[in-house]
2 protein chains.
Amino acid sequence: MPTEEDSNQYAEASMPNIEAEVDLEDSHRYPESNSLNQPLLKRNRTLSTNPLAIVGSKVSHIESLDYEINENDLFKQDWRSRSKVQVLQYIFLKWTLACLVGLLTGLIATFINLAVENIAGYKLLAVVGYIQEKRYIAGLVYLTASNFLLTLIAAILCVCFAPTAAGPGIPEIKAYLNGVDTPNMFGATVLIVKIFGSIGAVAAGLDLGKEGPLVHIGSCIASLLGQGGPDNHRIKWRWLRYFNNDRDRRDIITCGAASGVCAAFRAPVGGVLFALEEVATWWRSALLWRSFFSTAVVVVVLRAFMEICNSGECGLFGKGGLIMFDVSGVTVKYRAMDIIPVVVIGIIGGVLGSLYNHLLHKVLRLYNLINQKGKLHKLLLSLSVSLFTSACLYGLPFLAKCTPCNSSLPESACPTNGRSGNFKQFNCPEGYYNDLATLLLTTNDDAVRNIFSTGTSSEYHPFSLLIFFTLYCILGLITFGIAVPSGLFLPIILMGSAYGRLLGVAMGSHTSIDQGLFAVLGAASLMAGSMRMTVSLCVIFLELTNNLLLLPITMIVLLIAKTVGDSFNPSIYEIILHLKGLPFLDANPEPWMRNFTVGELADAKPPVIALCGIEKVSHVVDILKNTTHNAFPVVDDGVVPPVGLADGATALHGLILRAHLVQVLKKKWFLREKRSTEEWEVREKFTSVDLAERDGKIEEVAVTSDEMEMYIDLHPLTNTTPYTVVESMSVAKAMVLFRQVGLRHLLIVPKYQAAGVPPVVGILTRQDLRSYNILSAFPHLARSKSREKGN
Amino acid sequence: MPTEEDSNQYAEASMPNIEAEVDLEDSHRYPESNSLNQPLLKRNRTLSTNPLAIVGSKVSHIESLDYEINENDLFKQDWRSRSKVQVLQYIFLKWTLACLVGLLTGLIATFINLAVENIAGYKLLAVVGYIQEKRYIAGLVYLTASNFLLTLIAAILCVCFAPTAAGPGIPEIKAYLNGVDTPNMFGATVLIVKIFGSIGAVAAGLDLGKEGPLVHIGSCIASLLGQGGPDNHRIKWRWLRYFNNDRDRRDIITCGAASGVCAAFRAPVGGVLFALEEVATWWRSALLWRSFFSTAVVVVVLRAFMEICNSGECGLFGKGGLIMFDVSGVTVKYRAMDIIPVVVIGIIGGVLGSLYNHLLHKVLRLYNLINQKGKLHKLLLSLSVSLFTSACLYGLPFLAKCTPCNSSLPESACPTNGRSGNFKQFNCPEGYYNDLATLLLTTNDDAVRNIFSTGTSSEYHPFSLLIFFTLYCILGLITFGIAVPSGLFLPIILMGSAYGRLLGVAMGSHTSIDQGLFAVLGAASLMAGSMRMTVSLCVIFLELTNNLLLLPITMIVLLIAKTVGDSFNPSIYEIILHLKGLPFLDANPEPWMRNFTVGELADAKPPVIALCGIEKVSHVVDILKNTTHNAFPVVDDGVVPPVGLADGATALHGLILRAHLVQVLKKKWFLREKRSTEEWEVREKFTSVDLAERDGKIEEVAVTSDEMEMYIDLHPLTNTTPYTVVESMSVAKAMVLFRQVGLRHLLIVPKYQAAGVPPVVGILTRQDLRSYNILSAFPHLARSKSREKGN
C-alpha cells in the first residue's frame, strides 16, 4: 500500500497536462491518484461539464435530476385538464404505493432474515457437531468451505450481474435524493442480486450487516413500483404516468429508504428520522407522514411474521426475532458519578470513529486499485477475505480459556450447544463454556445479542473481549470494500460494543450501569463517531432497547462522540461520496463562497448557448449534436417591451430541456415558415407523457435536409418560469437557492439594463456549485478557504 | 349569537366603501364581520401594505422577520474579521444557550407542576372533607370560591399586564417561525404572567391544560436568553451580539418550543418532532440536533425532580409525576378483528375533531366581540366560565349512582378519599365509590390518568362517561377563548378519552383491547382530528405510554382521523392563524398560482420606489417619511456595463433596509459632494452592531436643512445579493422560493433587456404572496380556485 507521500508524488506526476480534457478512458487510466484529499477521478482544472463518478466500481457518466416543476404551456394544459377524480386517483395511488413499499420491504426483510438464520443456523449446528465429536479439522474445513461457497455465490452475483449492488448503497441513495442520478442503482437486477447477495454474504459469517442493503432494497422496491416495473417491462398504466417524474420518484424513494431502516432495526420512528436526517435533502410535512405510514406497514408485517415464527414454523428462526436488544424489562439505574464513564465512552467513540473513517478511506482506495483490475481480482479479493474470516472465527476461540458455568446467572442453559444461547460449550468440558466462541461462532446478530446481554457481568473475560475487538477492527476494515452487498451498521456495532463492554469490565463495581448497557453505549458512540448521525441514531437505539430511561445517557454519548469525530474528519458517508466523485451538494455553503459572485463563476465557463423562440431546425440539430448541455435558455429578439421606450429589446422567455428538443425533432413538429403556433397545435402533437420521456438521444433522430431548413416554435415547450439569480449574487446564496428548491439549472441574468446586454449571461449546474470544482478552477480561492465558518 | 346568514348580511352592510383604507381604528370599529371565511380584520381590496393582525385580542401592526443574510460590505468585513476563537465562542454559546433553554424550561415546568398539584390538591382535600361531613353546600361554596379566586388572579394578570399571554401561544410561535414578528409575544412580562396565570387557571379546575402555555414559556425563555434579557435591561455582552439577528433568534426559539413540548409530556423525541412538524417552517440538520439536546436537558431536569419528589418532599405531588399514562407494564394484545373498533375510533375522531374546530371557530368569533368591549368584559367572561365549571364539576357527580367496590381490581384502596386515586367515595357510603366524582372532582391530569387506567373494565358506568363527555365538550368550547393562559391539548385529550372509553365499554367482550387503551386511542384520534399533527403526536403518545406495541394501532387511528378531518376543514391552529390575520405562508402554493405571474401581481401594487447609489439626503428623508416600506432597491444610473454596447445603462446594485437608512441618518454620515466612499470610511463609522439595531424610527431623526442638501453613498450598506425573480415567474414558484429561503423581500427583475427598462419592476413581500390577499385584489382568480390540487 503506498504511503500518502508516495501517492501525492504520483498524483502530480500523472497530471502533466492540467488543462487537458479528461474523458472516460482517461479516468480509467489514472484511477490510482491516492491523495486523501482528492476523489478517485481526476478532473481538469476548469469547471467540469462532463460529470463522471464511480458507480459500482465502474466510472459512469452521471446526470442530475430535475426536481423543479417544468412549467410550460403543455404542463399547464395537462394540469388544468386533470379532473377532481384524477387528482383523487393520484393521491390514492401515492398512498397505495407507500403502503406497497412498506409491505414488500417488510416481506423481503422477513425472507432475508429467515434465509440467513436458517442457512447460518444449520451451518453452525453442523460445525458444533464436529467439535463435539472432537473432529476439529473437519469442523474447520466444513465452516471454511461453506462460508467460501456462500461468499462465492454472493460475489459472483455482484460481480457478474449487478456491480452496483456491492456495498451498502446508502451513499448513492443519499446522492439520488440530493439530485444526482447514478445509473443502474435502482433496477430489478440490482434488487434481486442485493437480496440474494445479502443472504449469501451475511450467512457466510462475513463481518457485514443486512441493514445497509435493506435500505437499498427498500429504495429499489420504491423506485420499481413508482415507475411501474423494471426498465424493460414497465406497466404502462395510464395513471402511473403521474409518477413518471423525478419529483414523485424522489418522494417514493424516500419512503423506501425509511422502510428499509425500519425493517433493519424494527424502528419505525428511527427509520423516518434516518431518512430525514441522513438521507433526504428536501422534506415536506406530507412526506414525513407518508414515510411514517410506510414504516408502520413494515412494522405490522414484521410483527405478523414474528407471531407466526413464535409458533415454531420458521425453522431455526426462533423467538426474539428481529429486535436485537430489548431491555425494557431491565431497570436502568445510574448515579451522578456514572457520567464519567459515559463521557469517556463518548470520547473514545469519537476518536475511534474518525480513525476508522480515516483507515477505511485508505483501504477503499487500495481496494479500488484491485477491483479495477477485473472481475477475477474482485472475486479473489472477496474470497480471500472470506477465508481469513472463517479461519479467525474458528481458530481464535481456541485461545480462550474455558470458564465454569455460574448457576446464579439468569440464563438457564449453560453450556449451550444449540445455535443460539449465551454460553457456548465449544471445546470445553461439560459445565464449562468458551466465552469467545459465544461471540464468534454465531451469526452477527446473535453475537450482538450476546455481547449486549444484561445481568451477565462476569461472563466475558477481558482478554476474550480484547481479541474480539481486535479481530472485528481488522475485519471491519477489510470486509467493507469487497464486492458483496454489505452494510456498515453491524460491523460498527460489533466493534463498539466490544470496547464498551471492556470499559464496563474495567469499571467493575465503580459503576451501577450494567455491562450490557455499556456495550450498547459503546456501539452507539462508535456509530456516532463514524456516521455522525445523532437524532435518528438515538431514536433507533431507543426503539432497539425499548427503554426510555436510557435516552439521556445515550444522547450524551452521541453528542460527545459526534463532536469529537467532527473535529477530525467528515462522516463515512461523506467520505465515500467524495471518493466516488458523486456531486453531492452540502447543506451549508463554504465561507469563501460569500465573497465570490456567480458572475465571476459564469465567466470561467464557456459562453451560454441560447436559442431563439422560433429557431431553425438545422441550428437546433447542430447545437444538440455539438454540446452536452441538458437545457438551453430561450431568448426572443426584437420584441417590444410594454413599459420600455425602445423597441428591439430582447426578452428571456425561459428554459427548454434537451429531452424536449429531441422529442420535437423525433415527432418532426416543424413549421414551413417562421411563425408562432397556437396551443391546440401543440396539444394535437404532444402529450405530457411524451414530455416525461427523458431517454431520447439526438443520434437516433434522422432529419432530412429539407426539414433542416424549416423552423420550430419553441415557446410552447419552454419552461417559462426558471429560477434565476442576478450576476452579482454570491455563490453561497445561489447554492442555498439551488439546493433548497431542488434545481438542475439556474439561470444567471445580468445586473445591467441596457440595449445589447444579453438577457442571460450564464447557466449554473450542480457541478458548478460544488466547492471542489470551484476551487480547482479558481485556485486563489483555496487560500481563503482555511478560514473556518461558524455553524 | 348571530347565525352565519345574519353575520354575512352584516358584513356586507358594514363594508360600503370597499376601496377605503382600513386603519387601526377602522378595524377596531368593524371587528364583527362574522363570515367564517374571513379573518376578523377587514382589508381593502388592493394588496395590503399595512399589515395588521390581532395579537392578544388587540389589533397590532405586525412586521415580517428577516431571515436572509444581509450581505453588504460591512457584513462581509465583519464576517472576515471574525477570528477562529470568536467562531468557536459563537458555537459554544449556541450550545450553551440550548442547554440553558432546556434547563430553565425544565425548572419552570417543575415549578408549575408542583404549584398546581399542591394548590389544587389542598383545595380538593378540603372539599372532600366538607363532603365527608355531609356539608354539601359548604363544599360547593368552598370549591366555587377558591376556583373563582384562582381564575380571578389568572385573568387579572392576563388582562392587565400581558394580554398576549392569554391562549396557548402556539399559533403565534408558528407564525414567528414562519417569519412573522408579533409584537409583545416573547417578553419578560409575558413569561411571568404565563407562568403564574397558567398555575392559577389550571389549579382553578378550568378545562384547559398547561401544555400549550409551556410551549410558549419555552419560547419566551429562549427569546429572552437569545437577546440577553428583557427589552429594557438587556445584557450588552459583546458576544451576545452575534445572536442579535432574526436567524439565530429563530433557531433558539425553535429549541424553546421543542423544550416546551418535551416538558409538557416528558417526550423528548416527540417535542423535537412537534417543533419540526407543526411549528418550524425551516429546518436544518444542525438545528434538529441542537433542539434534541435541549429536550434531553429538560428530561434530565424532570427526572431529577421526580427523584426528589419520590422521597416525599414535594407536598401533594406524589409519585407517577409527570408521565400521564405509562402502560409499559401492560401487555398489549390485539387481534385482526380489533381493526374495526380502531377504524371506527379514527373516523369518529376525524368527524368530531373537525366539528370541534368548526364550533370553536364560531365561539372564538363571539368571544372576540365580548373581549373587544373592554377589560371588564374579559374578566367577567372568564369568571362566568369559572363559575359554570365549578358548579358542573361539583354538581354533576350527584347524578351518578354509587357503585360497590370490586375487590378483584388491582387498585388496592377503594373507595379513596385522598386527592389522587381511582375510586372516589364522594357522597357514597363506605365500600362504594362515585365514578363520576373520580373523573370530575380531581385535577385534569388525574382525570386523564383515571380514565386511561387499564385493567379497570367495569369501573365507569356508560351513563357517567356520557355525562363526562358532554360536559367536557361544552367546557372545551367555552373555556379556550377566555383571557387566561390555556392549552388545547388537555381539553381535547379529556374529550377524546371519554368517547374512546365509551366505545370500549360498548365493545365489551368483542375486543381484546383494554378499555384504558380505548381511551388513549380516543384521545389520539381527537387530537389528530383537530390539530392534524401526525408523526409528532404518534411519538408523543408513544413516549407517554412508553409502549412500542401500541404504535401500529395508534398510527392507523391518527392517519384515519387526520384524513377524515382534512376533508372538512383546516387544523385548529390554521383556523386561529387565519382568524387572527397572521400572514402565515403555507408550504404548498395554491394551484391557481401556477397561472399567475409575479409581473401581474406587481402591476397591482404601487410602483417601486428605488434609490440611487449616491442619493441626496432630502430624498432619503422624504421617502422614509412618506412610505412604510422596509426596504428599497438601490439602482445605479449611467454605468458602463462591461459587456454591453451602449453606455448609459442602469444596474441593480441591491436592496437597502429602512433600518440601515435610519442608522445612516442618525449617525449623520453625509458627504458634501456626490462621490463614492472607501470601505474604511464606513468601517470607521459603523459596526455590525449598529446595523443589527432595527428599532430606529425616522421621526426621531433630526436633519438640518444644510444636511438635507448633502449626499449619502448607499453602496456599502446595500445588500448586494438579494434574491430575485424574473417578472414572468409564476406566483407559485416565487412563493416556494420565498418560503424555502426565508425571505422578507423578493425583487422582481424585468424579462426584457433594453434601454429604458427599469432594472427592478417590483418588490414582493409576504403579504403579497398570501392567497387571501391576492384573491381579494384579483377576484377573478377565485373562480379557478375551486379546482383542487393534488397533494
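These residue numbers are counts, starting from 1, taken along the chain as shown.
Cβ from N, Cα, C; glycine included.
The following features are taken from TrEMBL:
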type	residues	note
TRANSMEM	B:92-116	transmembrane segment
TRANSMEM	B:137-165	transmembrane segment
TRANSMEM	B:185-206	transmembrane segment
TRANSMEM	B:287-306	transmembrane segment
TRANSMEM	B:339-359	transmembrane segment
TRANSMEM	B:379-400	transmembrane segment
TRANSMEM	B:463-496	transmembrane segment
TRANSMEM	B:548-565	transmembrane segment
DOMAIN	B:718-783	domain 'CBS'
With contact taken as 3 or more Cβ pairs under 8 angstroms (pairs 6 or more apart in sequence), are the transmembrane segment (B:137-165) and the transmembrane segment (B:379-400) in contact?
yes
Residues outside the transmembrane segment (B:92-116) whose C-beta sits under 8 Å from one of its C-beta atoms, at least 6 past its ends, are 195, 198-199, 202-203, 210, 214, 217-218, 221-222, 225-226, 239-240, 242-243, 248, 251-252, 255-256, 259-260, 262-264, 290-291, 293-302, 305, 314-315, 317, 321-322, 443
Does the transmembrane segment (B:463-496) come near the transmembrane segment (B:287-306), with 3+ Cβ pairs under 8 Å (pairs 6 or more apart)?
no
Hey, which bits of the same chain come close to the transmembrane segment (B:379-400), Cβ under 8 Å, at least six residues off its ends?
127, 139-140, 143-144, 147-148, 151-152, 154-156, 159, 204-207, 367, 370-371, 426-427, 434-437, 440-441, 461, 463-464, 467, 471, 475, 478-479, 482-484
Contact set of the transmembrane segment (B:185-206) with the rest of its chain, CB cutoff 8 A exclusive, min separation 6+ beyond the ends, reads 55, 108, 111-112, 115-116, 119-120, 123, 143, 146-148, 150-151, 153-155, 157-158, 161-162, 164-166, 169, 172-173, 176, 213-214, 216-217, 219-221, 223-224, 229-231, 253, 385-386, 389-390, 393, 443-444, 475, 479, 482, 484-486
How does the domain 'CBS' (B:718-783) divide up by DSSP, counting helix, then strand, then coil residues?
27 helix, 16 strand, 23 coil
In the same chain, who gets a Cβ under 8 Å from the transmembrane segment (B:339-359) while lying at least 6 residues past its ends?
473, 476-477, 492, 495-496, 499-500, 503-504, 507, 511, 513, 518, 521-522, 524-531, 553, 556-565, 567-572, 575
